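Trainee: Can you read through this structure? Questions will come right after.
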Ligand SMILES: Cc1cc2nc3c(=O)[nH]c(=O)nc-3n(C[C@H](O)[C@H](O)[C@H](O)COP(=O)(O)OP(=O)(O)OC[C@H]3O[C@@H](n4cnc5c(N)ncnc54)[C@H](O)[C@@H]3O)c2cc1C
């Protein structure tokens, strides 16, 4: 039996893996390969939290392969050079991979495909990550979409309810001499002494395909009902928490959609289901935007912001935001949730991003970079879109006058203060009424939470007015509803 290399990247699963399936369908023995080459993704090489996740995800993939008679061959270094070595070692006749959509990965993959094809190897890429390929959805004028609602109206019609292929039961054994590195050799985990900064992550997450399927089952059995409303409340388990699993390809969006569409939902739950599908639609839209406008990972999507007067960051204030010491409880709770779990609720992502880009008026890239290093679901398409949307610089962005008022947000979405008390425990003794704006209760704050900042690092009202003034220059169009 001949061999085919199956180059795993961010498709760390065996079910609905078109590259793996293509090798098997061609009657070739798949050689599962992972090549660690983070520099090839520069300037957005994966951050520390992503690497901590990847360590566990690779271990899970290797275990799943071994359970089926195969194993993961891990190499490190220049991807093309390593692939060429593996072709020589295995006499592989073909190379299969699933596509990535970030500009650096596209450039690398194109180079590799052209180089190897010209030498007669069968090289084929597949779609494992998206419901609709970015180049297959376009406006009536043949342009890429810049607005979510018509994009999703178009893309949604193409959703396929067919359940994708499951994981193969058995896989051919690899040649015994074929060797690779161990996952530990990649030194993806934090190397500093105990206590490790990722220690808290693993109370919340089980990286790998099995962990992803478990979360999907739990969501469909539970939080899917009521999702549309409940998803806004950061203190509840009301969303799927599938984002890191989707990012690493431990589950396919097709599998999620097929499972959702296969279930007979009561009419009252249908709006929840539609809303959940539309959030997967935002993920598709982000990838659509990044594919068609690759410069937006670095630059404003809306050119009217080219001359915008961002404030020069003050290192102390930026650090206060990063560490959750701004003196604004809902902002600090979000930033600490991120630090402790590697994830932050979508509502608080919008609140902390608005605080950074509107109240502090720092360029969204400062926030995007911090998220990039600390999120386990850090994803170039979604992160870029999330930051540009909140900053008002994006394609289909919040308008400049939408400045999240963190006090009102806390009163509306964390009225009982459960979220703030959980992540900012030094405020736990304050009464509910003082939790959203504790600086207005100076005596209580001094007495009950002496370690918490006595007032916000920036005056919320004055900074809001200054932002409105600065933003009113490069006006943006009205947004899609969020
Ligand atoms: C400033 C900012 C930065 C963000 N950075 C990222 C990021 O790096 N990676 C990331 O995956 N998401 C990012 N998001 C989007 C969103 O916050 C997360 O996808 C969501 O909170 C993940 O939780 P969940 O899996 O429980 O979502 P659910 O509500 O269960 O949604 C299901 C899936 O839909 C997708 N999704 C949901 N909301 C969005 C959205 N607004 N945009 C794009 N896709 C979405 C995700 O893949 C998610 O797993 C960002 C949002 C903001 C405002």
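One is the number of the first residue shown, and numbering goes on along the chain from there.
In case you wondered, yes, glycine gets a Cβ from its N, Cα and C as well.
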Trainee: Given TrEMBL annotates 227, 239, 240, 241, 242, 243, 377, 378, 379 as FAD-binding, which of 276, 285, 291, 413 belongs to that site as well?
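Mentor: Checking 276, 285, 291, 413 against TrEMBL: the FAD site match is 276.
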Trainee: Across the whole of the domain 'Photolyase/cryptochrome alpha/beta' (2-131), what does the mean pLDDT come to? Round it, please.
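Mentor: The answer is 97, the mean pLDDT of the model over that range.
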Trainee: How many Å separate the Cα atoms of residue 378 (FAD binding site) and residue 387 (site 'Electron transfer via tryptophanyl radical')?
Mentor: 12
Trainee: May I ask which of the recorded positions 227, 310, 364 have a CB within less than 6 Å of any atom of ligand 1, listed in sequence order?
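Mentor: Qualifying residues: none.
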Trainee: Cα-Cα, whole number of Å: residue 227 (FAD binding site) versus residue 364 (site 'Electron transfer via tryptophanyl radical')?
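Mentor: Cα-Cα distance, residue 227 (FAD binding site) to residue 364 (site 'Electron transfer via tryptophanyl radical'): 29 Å.
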Trainee: Using only the Cα atoms of 227, 239, 240, 241, 242, 243, 276, 377, 378, 379, which the record gives as binding FAD, return the largest interatomic distance in Å, rounded to a whole number.
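Mentor: Answer in Å: the longest Cα-Cα distance is 23.
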Trainee: Below 8 Å Cβ to Cβ and six or more residues apart, same chain only. Which residues does that give for residue 364 (site 'Electron transfer via tryptophanyl radical')?
Mentor: 353, 356, 357, 387, 388, 390, 391, 393
